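Novice: One structure coming up, written as C-alpha coordinates, with questions to follow.
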Amino acid sequence: MCSQSTYNVRFITFVNTSYIQAENLENVFDSLLKFEIAVLAFSWLEFLYVFYLLIFIRAMHFNLTFLFINYGGQYFGSMLSRCVIIYMQLYPDKNLEYIIPLANFARTVCLFIAMYILPIFMVERCLATFLVANYEKSRKIWVSLIILSIFHPLVFASAFAYIQCWLPVVFHVISFFVVNIIGYVGVQICFLYNTKRYKLFSQKPRMTTYGLSERFQLAENIKMCKVLKKVQGSILLFNVGCSSILLMDSFEVDILITYASYVAFNFLALVYGITIPIIVHVVLPEWQKESRRLIHTCFCRSKNAIQQAPKSTFGERMIYKDHAQEANIYFDQFNKATN
(Lines of atoms letter the chains of each structure in order from A; the text may use other names.)
(Lines give C-alpha, C1' and ligand atoms only; values in the text may rest on other atoms or scores of the structure.)
Protein backbone atom coordinates (compact mmCIF):
# COMPACT_ATOMS: atom_id res chain seq x y z
CA MET A 1 0.00 0.00 0.00
CA CYS A 2 1.11 3.59 -0.54
CA SER A 3 0.99 5.92 2.42
CA GLN A 4 2.52 9.03 3.93
CA SER A 5 4.63 6.83 6.20
CA THR A 6 6.59 5.63 3.19
CA TYR A 7 6.72 8.98 1.38
CA ASN A 8 3.75 8.05 -0.83
CA VAL A 9 5.65 5.16 -2.34
CA ARG A 10 5.54 1.41 -1.85
CA PHE A 11 8.52 -0.75 -0.96
CA ILE A 12 8.76 -4.51 -0.55
CA THR A 13 8.41 -5.46 3.14
CA PHE A 14 8.71 -1.91 4.49
CA VAL A 15 8.37 -2.03 8.30
CA ASN A 16 7.64 1.14 10.27
CA THR A 17 9.72 0.83 13.45
CA SER A 18 7.60 3.50 15.17
CA TYR A 19 4.70 1.05 15.24
CA ILE A 20 6.96 -1.71 16.60
CA GLN A 21 8.06 0.57 19.44
CA ALA A 22 4.49 1.65 20.18
CA GLU A 23 3.41 -2.00 20.51
CA ASN A 24 6.37 -2.82 22.82
CA LEU A 25 7.65 -5.39 20.32
CA GLU A 26 11.07 -3.83 19.97
CA ASN A 27 12.93 -6.68 21.73
CA VAL A 28 11.30 -9.35 19.57
CA PHE A 29 11.89 -7.37 16.39
CA ASP A 30 15.54 -6.69 17.29
CA SER A 31 16.13 -10.38 18.03
CA LEU A 32 14.75 -11.32 14.62
CA LEU A 33 16.97 -8.74 12.97
CA LYS A 34 20.08 -10.04 14.74
CA PHE A 35 19.24 -13.59 13.70
CA GLU A 36 18.79 -12.37 10.15
CA ILE A 37 22.25 -10.77 10.35
CA ALA A 38 23.75 -14.15 11.26
CA VAL A 39 22.07 -15.79 8.26
CA LEU A 40 23.16 -12.92 6.03
CA ALA A 41 26.77 -13.40 7.17
CA PHE A 42 26.66 -17.03 6.04
CA SER A 43 24.99 -15.97 2.80
CA TRP A 44 27.80 -13.46 2.14
CA LEU A 45 30.43 -16.20 2.47
CA GLU A 46 28.47 -18.47 0.15
CA PHE A 47 28.01 -15.61 -2.30
CA LEU A 48 31.77 -14.92 -2.48
CA TYR A 49 32.56 -18.59 -3.05
CA VAL A 50 29.94 -18.91 -5.79
CA PHE A 51 31.40 -15.88 -7.57
CA TYR A 52 34.82 -17.48 -7.38
CA LEU A 53 33.42 -20.61 -9.05
CA LEU A 54 31.58 -18.62 -11.71
CA ILE A 55 34.62 -16.56 -12.65
CA PHE A 56 37.42 -19.13 -12.45
CA ILE A 57 35.73 -22.51 -13.13
CA ARG A 58 34.27 -23.00 -16.59
CA ALA A 59 31.26 -25.25 -16.14
CA MET A 60 28.97 -23.80 -18.82
CA HIS A 61 28.99 -21.57 -21.87
CA PHE A 62 30.27 -18.02 -21.36
CA ASN A 63 26.84 -16.45 -21.97
CA LEU A 64 25.12 -18.68 -19.43
CA THR A 65 27.90 -17.95 -16.94
CA PHE A 66 27.50 -14.23 -17.58
CA LEU A 67 23.75 -14.46 -16.93
CA PHE A 68 24.35 -16.33 -13.68
CA ILE A 69 26.84 -13.62 -12.65
CA ASN A 70 24.13 -11.06 -13.35
CA TYR A 71 21.77 -13.18 -11.25
CA GLY A 72 24.28 -13.19 -8.40
CA GLY A 73 24.79 -9.45 -8.83
CA GLN A 74 21.17 -8.73 -8.00
CA TYR A 75 21.46 -10.87 -4.88
CA PHE A 76 24.57 -8.90 -3.88
CA GLY A 77 22.60 -5.65 -4.26
CA SER A 78 19.66 -7.09 -2.36
CA MET A 79 21.85 -8.30 0.53
CA LEU A 80 23.77 -5.02 0.71
CA SER A 81 20.55 -3.00 0.77
CA ARG A 82 19.07 -5.28 3.41
CA CYS A 83 22.18 -4.91 5.59
CA VAL A 84 21.85 -1.11 5.39
CA ILE A 85 18.17 -1.30 6.33
CA ILE A 86 18.85 -3.59 9.30
CA TYR A 87 21.63 -1.31 10.54
CA MET A 88 19.35 1.73 10.36
CA GLN A 89 16.62 -0.14 12.23
CA LEU A 90 18.96 -1.33 14.99
CA TYR A 91 20.86 1.96 15.26
CA PRO A 92 18.50 4.74 14.11
CA ASP A 93 20.04 8.08 13.24
CA LYS A 94 17.86 10.99 12.17
CA ASN A 95 20.71 12.44 10.15
CA LEU A 96 20.82 9.29 8.03
CA GLU A 97 17.09 8.67 7.61
CA TYR A 98 17.29 9.58 3.93
CA ILE A 99 19.29 6.37 3.37
CA ILE A 100 16.30 4.16 4.24
CA PRO A 101 14.21 5.05 1.14
CA LEU A 102 17.30 4.67 -1.07
CA ALA A 103 18.11 1.24 0.37
CA ASN A 104 14.49 0.13 0.07
CA PHE A 105 14.40 1.36 -3.53
CA ALA A 106 17.56 -0.59 -4.43
CA ARG A 107 16.31 -3.74 -2.69
CA THR A 108 12.95 -3.60 -4.42
CA VAL A 109 14.60 -3.33 -7.85
CA CYS A 110 16.98 -6.22 -7.07
CA LEU A 111 14.14 -8.44 -5.85
CA PHE A 112 12.19 -7.71 -9.02
CA ILE A 113 15.19 -8.93 -11.03
CA ALA A 114 15.10 -12.18 -9.04
CA MET A 115 11.37 -12.59 -9.56
CA TYR A 116 11.60 -12.12 -13.33
CA ILE A 117 14.91 -13.94 -13.86
CA LEU A 118 13.84 -17.31 -15.24
CA PRO A 119 13.03 -16.35 -18.87
CA ILE A 120 16.54 -15.00 -19.58
CA PHE A 121 18.00 -18.50 -19.17
CA MET A 122 15.29 -19.88 -21.43
CA VAL A 123 16.09 -17.33 -24.15
CA GLU A 124 19.81 -18.12 -23.95
CA ARG A 125 19.18 -21.86 -24.33
CA CYS A 126 16.79 -21.24 -27.23
CA LEU A 127 19.45 -19.16 -29.00
CA ALA A 128 22.02 -21.88 -28.28
CA THR A 129 19.66 -24.33 -29.97
CA PHE A 130 19.08 -22.04 -32.94
CA LEU A 131 22.83 -21.38 -33.35
CA VAL A 132 23.76 -25.01 -32.83
CA ALA A 133 26.17 -25.05 -35.77
CA ASN A 134 28.78 -22.79 -34.17
CA TYR A 135 27.59 -21.64 -30.73
CA GLU A 136 30.38 -23.39 -28.84
CA LYS A 137 33.10 -22.19 -31.21
CA SER A 138 33.00 -18.61 -29.91
CA ARG A 139 31.75 -16.75 -26.86
CA LYS A 140 29.11 -14.82 -28.83
CA ILE A 141 28.93 -12.28 -26.03
CA TRP A 142 26.34 -10.33 -28.01
CA VAL A 143 23.75 -12.95 -27.01
CA SER A 144 23.94 -12.20 -23.29
CA LEU A 145 24.30 -8.45 -23.91
CA ILE A 146 21.13 -8.34 -26.01
CA ILE A 147 19.22 -10.42 -23.46
CA LEU A 148 20.24 -8.18 -20.56
CA SER A 149 19.75 -4.95 -22.53
CA ILE A 150 16.10 -5.94 -23.02
CA PHE A 151 15.59 -7.60 -19.64
CA HIS A 152 16.88 -4.87 -17.31
CA PRO A 153 14.90 -1.90 -18.68
CA LEU A 154 11.68 -3.93 -18.51
CA VAL A 155 12.39 -5.04 -14.93
CA PHE A 156 13.39 -1.54 -13.82
CA ALA A 157 10.20 -0.14 -15.33
CA SER A 158 8.09 -2.77 -13.55
CA ALA A 159 9.86 -2.16 -10.22
CA PHE A 160 9.46 1.61 -10.59
CA ALA A 161 5.75 1.17 -11.36
CA TYR A 162 5.45 -0.95 -8.19
CA ILE A 163 7.27 1.62 -6.05
CA GLN A 164 5.24 4.54 -7.42
CA CYS A 165 1.94 2.64 -6.97
CA TRP A 166 1.05 3.03 -10.63
CA LEU A 167 -0.28 -0.52 -10.81
CA PRO A 168 -1.98 -2.70 -8.18
CA VAL A 169 0.03 -5.39 -6.41
CA VAL A 170 -2.17 -8.08 -7.95
CA PHE A 171 -0.98 -7.06 -11.41
CA HIS A 172 2.67 -7.51 -10.42
CA VAL A 173 2.01 -10.85 -8.74
CA ILE A 174 0.20 -12.17 -11.82
CA SER A 175 3.04 -10.97 -14.05
CA PHE A 176 5.56 -12.83 -11.85
CA PHE A 177 3.61 -16.05 -12.29
CA VAL A 178 3.04 -15.65 -16.04
CA VAL A 179 6.65 -14.74 -16.85
CA ASN A 180 8.12 -17.58 -14.81
CA ILE A 181 5.66 -20.13 -16.18
CA ILE A 182 6.71 -19.07 -19.69
CA GLY A 183 10.34 -19.53 -18.68
CA TYR A 184 9.61 -22.92 -17.13
CA VAL A 185 7.68 -24.23 -20.13
CA GLY A 186 10.25 -22.78 -22.53
CA VAL A 187 13.14 -24.65 -20.90
CA GLN A 188 11.09 -27.86 -20.93
CA ILE A 189 10.37 -27.47 -24.65
CA CYS A 190 14.03 -26.65 -25.36
CA PHE A 191 15.11 -29.77 -23.44
CA LEU A 192 12.69 -32.05 -25.31
CA TYR A 193 13.61 -30.55 -28.69
CA ASN A 194 17.36 -30.97 -28.16
CA THR A 195 16.88 -34.49 -26.80
CA LYS A 196 14.86 -35.46 -29.87
CA ARG A 197 17.48 -34.06 -32.25
CA TYR A 198 20.32 -35.74 -30.39
CA LYS A 199 18.60 -39.14 -30.43
CA LEU A 200 17.85 -38.74 -34.13
CA PHE A 201 21.50 -37.99 -34.79
CA SER A 202 22.66 -40.96 -32.68
CA GLN A 203 20.29 -43.38 -34.42
CA LYS A 204 20.87 -42.20 -38.00
CA PRO A 205 24.19 -40.36 -38.15
CA ARG A 206 24.54 -40.78 -41.91
CA MET A 207 21.19 -39.16 -42.63
CA THR A 208 22.02 -35.92 -40.80
CA THR A 209 24.22 -32.98 -41.64
CA TYR A 210 25.48 -32.45 -38.08
CA GLY A 211 29.20 -32.35 -37.43
CA LEU A 212 31.04 -33.05 -34.22
CA SER A 213 30.58 -29.46 -33.05
CA GLU A 214 26.80 -29.58 -33.54
CA ARG A 215 26.55 -32.90 -31.75
CA PHE A 216 28.56 -31.54 -28.84
CA GLN A 217 26.35 -28.44 -28.68
CA LEU A 218 23.21 -30.59 -28.59
CA ALA A 219 24.72 -32.54 -25.70
CA GLU A 220 25.59 -29.31 -23.86
CA ASN A 221 22.08 -27.92 -24.45
CA ILE A 222 20.56 -31.04 -22.91
CA LYS A 223 22.96 -30.95 -19.97
CA MET A 224 22.34 -27.28 -19.15
CA CYS A 225 18.58 -27.62 -19.61
CA LYS A 226 18.72 -30.33 -16.94
CA VAL A 227 20.58 -27.93 -14.66
CA LEU A 228 18.07 -25.14 -15.27
CA LYS A 229 15.12 -27.48 -14.74
CA LYS A 230 16.38 -28.23 -11.23
CA VAL A 231 16.99 -24.55 -10.48
CA GLN A 232 13.48 -23.72 -11.69
CA GLY A 233 11.87 -25.55 -8.78
CA SER A 234 13.40 -23.23 -6.20
CA ILE A 235 12.71 -20.14 -8.29
CA LEU A 236 9.05 -21.05 -8.71
CA LEU A 237 8.75 -21.86 -4.99
CA PHE A 238 10.27 -18.49 -4.15
CA ASN A 239 7.86 -16.70 -6.47
CA VAL A 240 4.82 -18.49 -5.11
CA GLY A 241 5.75 -17.86 -1.48
CA CYS A 242 7.00 -14.29 -1.78
CA SER A 243 4.35 -13.17 -4.25
CA SER A 244 1.64 -14.51 -1.96
CA ILE A 245 3.10 -12.47 0.89
CA LEU A 246 3.12 -9.33 -1.26
CA LEU A 247 -0.62 -9.76 -1.72
CA MET A 248 -1.03 -8.87 1.96
CA ASP A 249 -0.78 -5.22 0.91
CA SER A 250 -4.03 -5.65 -1.04
CA PHE A 251 -6.09 -6.66 1.99
CA GLU A 252 -7.23 -4.78 5.06
CA VAL A 253 -5.70 -6.84 7.86
CA ASP A 254 -4.14 -6.01 11.19
CA ILE A 255 -0.81 -4.25 10.66
CA LEU A 256 0.89 -6.70 13.02
CA ILE A 257 -0.12 -9.59 10.75
CA THR A 258 1.21 -7.69 7.77
CA TYR A 259 4.54 -7.07 9.47
CA ALA A 260 4.76 -10.72 10.52
CA SER A 261 4.31 -11.67 6.86
CA TYR A 262 7.10 -9.25 5.94
CA VAL A 263 9.45 -10.99 8.36
CA ALA A 264 8.49 -14.29 6.73
CA PHE A 265 9.24 -12.76 3.32
CA ASN A 266 12.73 -11.67 4.40
CA PHE A 267 13.64 -15.12 5.69
CA LEU A 268 12.11 -16.84 2.66
CA ALA A 269 14.22 -14.60 0.43
CA LEU A 270 17.31 -15.60 2.42
CA VAL A 271 16.49 -19.30 2.11
CA TYR A 272 15.99 -18.78 -1.61
CA GLY A 273 19.33 -17.02 -1.99
CA ILE A 274 21.14 -19.75 -0.06
CA THR A 275 19.39 -22.67 -1.78
CA ILE A 276 19.99 -21.77 -5.44
CA PRO A 277 23.82 -21.90 -5.26
CA ILE A 278 23.64 -25.24 -3.43
CA ILE A 279 21.43 -26.71 -6.16
CA VAL A 280 23.71 -25.42 -8.92
CA HIS A 281 26.75 -26.80 -7.07
CA VAL A 282 25.11 -30.22 -6.77
CA VAL A 283 24.33 -30.47 -10.49
CA LEU A 284 27.69 -29.17 -11.79
CA PRO A 285 30.51 -31.75 -11.50
CA GLU A 286 33.11 -29.07 -12.29
CA TRP A 287 32.14 -27.08 -9.19
CA GLN A 288 32.17 -30.21 -7.06
CA LYS A 289 35.63 -31.12 -8.32
CA GLU A 290 36.98 -27.66 -7.48
CA SER A 291 35.43 -27.80 -4.01
CA ARG A 292 37.06 -31.17 -3.36
CA ARG A 293 40.38 -29.77 -4.58
CA LEU A 294 40.16 -26.78 -2.24
CA ILE A 295 39.21 -28.97 0.71
CA HIS A 296 42.10 -31.30 -0.08
CA THR A 297 44.47 -28.33 -0.34
CA CYS A 298 43.33 -26.89 2.98
CA PHE A 299 43.21 -30.07 5.07
CA CYS A 300 45.56 -32.51 3.33
CA ARG A 301 49.12 -31.23 3.37
CA SER A 302 50.69 -34.31 1.82
CA LYS A 303 53.36 -33.31 -0.70
CA ASN A 304 52.94 -36.56 -2.61
CA ALA A 305 49.51 -35.74 -3.93
CA ILE A 306 48.30 -38.18 -6.53
CA GLN A 307 47.59 -36.63 -9.91
CA GLN A 308 44.07 -37.44 -11.05
CA ALA A 309 43.41 -38.44 -14.63
CA PRO A 310 41.38 -35.98 -16.70
CA LYS A 311 37.64 -36.34 -16.27
CA SER A 312 34.71 -35.65 -18.51
CA THR A 313 31.87 -33.20 -18.10
CA PHE A 314 30.12 -35.89 -16.09
CA GLY A 315 33.07 -36.51 -13.76
CA GLU A 316 34.15 -39.81 -15.30
CA ARG A 317 37.76 -40.75 -16.04
CA MET A 318 39.02 -39.98 -19.55
CA ILE A 319 42.00 -41.72 -21.18
CA TYR A 320 42.57 -40.75 -24.78
CA LYS A 321 45.35 -40.23 -27.31
CA ASP A 322 43.61 -38.13 -29.94
CA HIS A 323 40.58 -35.90 -30.40
CA ALA A 324 38.52 -38.57 -32.15
CA GLN A 325 38.92 -40.92 -29.21
CA GLU A 326 38.16 -38.07 -26.82
CA ALA A 327 34.94 -37.28 -28.71
CA ASN A 328 33.85 -40.94 -28.72
CA ILE A 329 34.42 -41.21 -24.97
CA TYR A 330 32.55 -37.96 -24.33
CA PHE A 331 29.45 -38.98 -26.27
CA ASP A 332 29.46 -42.52 -24.86
CA GLN A 333 29.44 -41.04 -21.38
CA PHE A 334 26.74 -38.56 -22.35
CA ASN A 335 24.53 -41.33 -23.74
CA LYS A 336 24.91 -43.29 -20.50
CA ALA A 337 24.01 -40.21 -18.45
CA THR A 338 20.89 -39.45 -20.49
CA ASN A 339 19.56 -43.00 -20.71
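Just so you know, the numbers here start at 1 and follow the chain as drawn.
Every residue, even glycine, has its Cβ placed from backbone N, Cα and C.
TrEMBL: automatically predicted annotations, no manual curation.
Remember, predicted model here, so these are calculated numbers, not experimental data.
Taken from TrEMBL, the feature transmembrane segment applies to 37-57, 64-87, 99-121, 141-163, 169-194, 231-248, 260-284.
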Novice: Under a criterion of three or more Cβ pairs within a distance under 8 Å and sequence separation of at least 6, are the transmembrane segment (64-87) and the transmembrane segment (169-194) in contact?
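Specialist: Taking Cβ pairs at least 6 residues apart, the transmembrane segment (169-194) and the transmembrane segment (64-87) are not in contact, as fewer than 3 fall under 8 Å.
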Novice: Any contact between the transmembrane segment (37-57) and the transmembrane segment (260-284), i.e. 3 or more CB pairs below 8 Å with pairs at least 6 residues apart?
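Specialist: In this chain the transmembrane segment (37-57) contacts the transmembrane segment (260-284) - 3 or more Cβ pairs sit under 8 Å.
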Novice: Mind checking which residues reach the transmembrane segment (231-248)? Cβ under 8 Å, same chain, six or more beyond either end.
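Specialist: For the transmembrane segment (231-248), the nonlocal Cβ contacts are 12-13, 111, 114-115, 117-118, 121, 169-170, 172-173, 176-177, 180, 183-184, 187, 257-258, 261-262, 264-265, 268-269, 272, 275-276, 279-280.
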